[in-house]
Amino acid sequence: MRLTVVGAGYVGLTTAVCFAHLGNEVMVVEKLPEKVQTLKEGKVPFYEPGLEEMLKENLSLGRLFFTTDLKEGLDFSDVIFICVGTPQRPDGSADLSQVEEVARETAKLMESYKLLVEKSTVPVNTHKLIKRTVERYLKRRGKILEFDVVSNPEFLREGSAVRDFLEPDRIVIGVESERARRIMEELYKDFKCPIIFTDPATSELIKHASNSFLAMKISYINMVADLCEKVGADVRLVAEGMGYDKRIGREFLRAGIGWGGSCFPKDIKAFIKMAKDHGVDFSLLEEVDKINQRRAVQFVEKVKSVLWSLKDKTLAVWGLSFKPNTDDIREAPSLRLVPMLLKEGARLKLYDPKAMENFKKLYPPGKDLDYAPDMYSAVEGASALLIFTEWEEFQRADLSRVKELMELPIIIDGRNIYEPKVVRGLGFEYYGVGVP
Ligand SMILES: NC(=O)c1ccc[n+]([C@@H]2O[C@H](COP(=O)([O-])OP(=O)(O)OC[C@H]3O[C@@H](n4cnc5c(N)ncnc54)[C@H](O)[C@@H]3O)[C@@H](O)[C@H]2O)c1
Ligand SMILES: O=c1ccn([C@@H]2O[C@H](COP(=O)(O)OP(=O)(O)O[C@H]3O[C@H](CO)[C@@H](O)[C@H](O)[C@H]3O)[C@@H](O)[C@H]2O)c(=O)[nH]1
């Protein structure tokens with residue numbers, strides 16, 4: 001099939017590259033000219049494992065095209081995936097201006113039937129606003145053209161985006177017309193997972209309800225971790241014991257310094273606001289969010305209780321991205337923790353395998369903050385090693401070497417990447433999250 005994808009971010013680019021990989025011809029419309037240029041050269045402007053290789057391959061096979069011109073995209077195909085950003089507004093609601101712009105400009109430029117596919121995460125009933133906008137502008141142009149709006153939320157995770165896209169747990173499609181349903185069925189015919197057809201409002205809700213539920217699971221286990229610390233139990237085993245119950249499941253029960261990223265924080269706030277706007281008191285989610293906000297504060301308290309004063313102490317930090325295998329630092333716990341530690345007077349030596357360039361844009365090297373070229377340089381002379389992200393590289397670190405390099409062999413691990421007994425056996429003082 002021929003497809004058009006608007007927005008070449010994590011979701012748009014992954015969608016485009018994966019559909020091209022499956023044999024479709026895909027035109028990507030991205031408004032930033034420099035991004036389009038980079039992509040045409042076969043380079044992905046962010047770090048996502050496997051994506052660049054697939055981009056190059058599909059460019060050379062002539063199945064992927066990039067443009068800044070929406071008209072070119074609309075002339076190319078009838079199926080238009082909206083993959084633009086839906087960031088958070090100050091009141092917590094989702095800023096839908098990028099989605100509105102795509103709907104409006106499409107209506108101004110389309111000359112034949114179009115199927116607009118909402119892939120961005122949007123509040124319930126956004127499909128109605130898209131529909132109304134397109135109808136208004138078509139009417140203004142005196143055009144009678146058919147179109148459909150479909151909700152097809154994306155569930156991929158950064159760091160495993162390609163695999164998540166190609167092998168999803170499920171595909172959700174909210175349609176109103178038979179024509180739209182047939183196009184979507186054809187598009188996803190080779191996928192082996194369950195495909196759930198719903199009305200668009202239900203489909204839009206499935207996305208927000210899923211993300212909020214996952215965030216709730218993490219906040220829940222984080223509270224259990226706090227209790228474990230008080231009573232000397234091990235949250236990892238509590239999670240395992242709970243997780244074997246199929247009704248609970250083992251995923252997303254890793255305790256730590258809290259959830260971050262470009263999705264959970266903004267989506268949970270948008271869901272709370274949406275519920276409020278409809279007169280539904282979803283204060284459960286407000287608590288989930290509050291628990292998460294407290295994680296960083298509690299972690300700094302822990303660092304202080306271990307080291308006493310942090311003033312002029314050198315602390316090594318491993319991990320800045322909000323999760324491993326990405327260079328994305330949007331709403332990463334590190335962004336909350338670093339300023340708090342600096343305020344306590346600590347000197348930080350930061351290291352991350354991929355996210356340092358992004359972090360440097362917000363925190364340039366200075367008197368009390370520096371970046372290390374590798375994980376071992378970061379720990380040289382440090383009074384403690386703080387772990388913020390569970391990169392595999394850290395799990396494989398030569399801890400004897402780390403111990404030699406540090407001023408004091410203390411590890412305060414925000415992600416439980418080590419087995420306490422083993423690390424203590426090597427002579428470290430070790431503090432995890434919710435572990436004895
Ligand atoms: N990042 C994820 O893991 C993920 C997963 C599932 C869903 N989502 C949702 O998908 C949406 C996109 O997220 P993202 O992380 O890919 O965002 P992003 O910010 O990485 O990418 C959005 C892209 O759209 C471009 N854009 C904006 N307006 C445009 C326009 N009018 N024409 C052409 N291009 C335009 C921007 O320049 C940018 O490159 C959001 O709603 C997000 O909540 C994200
Ligand atoms: O047991 C866990 C699992 C995750 N996290 C944290 O939760 C955050 C989000 O992680 P993850 O969900 O793996 O990454 P995202 O790329 O943000 O993906 C989420 O957000 C996307 C955007 O909506 C959705 O598409 C995905 O399904 C959803 O998992 C990260 O900070 C993780 O460190 C934990 O603390 N404990």
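The backbone N, Cα and C atoms fix where each Cβ goes, and this holds for glycine too.
Note that TrEMBL annotation is computational and uncurated.
Marked as NAD(+) binding site by TrEMBL: Lys35, Thr86, Thr121, Glu158, Lys266, Arg330. Taking the Cβ of Lys35 (NAD(+) binding site) as reference, residues of its chain lying under 8 Å away and at least six apart in sequence are, in sequence order, Ala8, Pro45.
Under the heading substrate binding site, TrEMBL lists Phe155, Leu156, Arg157, Glu158, Lys207, Phe252, Leu253, Arg254, Ala255, Gly256, Gly260, Lys323. Sequence-distant contacts of Gly260 (substrate binding site), defined as residues of its own chain at least six apart whose C-beta falls under 8 angstroms from its C-beta, comprise Phe322, Lys323, Arg330, Glu331, Ala332, Pro333, Leu335.
Sequence-distant neighbours of Cys263 (active site, nucleophile) (same chain, 6+ apart, CB under 8 A from its CB) are Thr121, Asn211. Residues annotated as active site, nucleophile in TrEMBL: Cys263.
For 316-420, the entry in TrEMBL reads domain 'UDP-glucose/GDP-mannose dehydrogenase C-terminal'.
For the pair Lys207 (substrate binding site) and Lys266 (NAD(+) binding site), the C-alpha distance works out to 13 angstrom. In this structure, the binding-site residues that sit close to ligand 2, with a C-beta under 6 angstroms from any of its atoms, are Phe155, Glu158, chosen from Thr86, Phe155, Glu158, Ala255, Lys266, Arg330.
Taking every pair among Phe155, Leu156, Arg157, Glu158, Lys207, Phe252, Leu253, Arg254, Ala255, Gly256, Gly260, Lys323, the residues listed as contacting substrate, the largest Cα to Cα separation comes to 24 Å. For the pair Phe155 (substrate binding site) and Thr86 (NAD(+) binding site), the Cα-Cα distance reads 15 Å.
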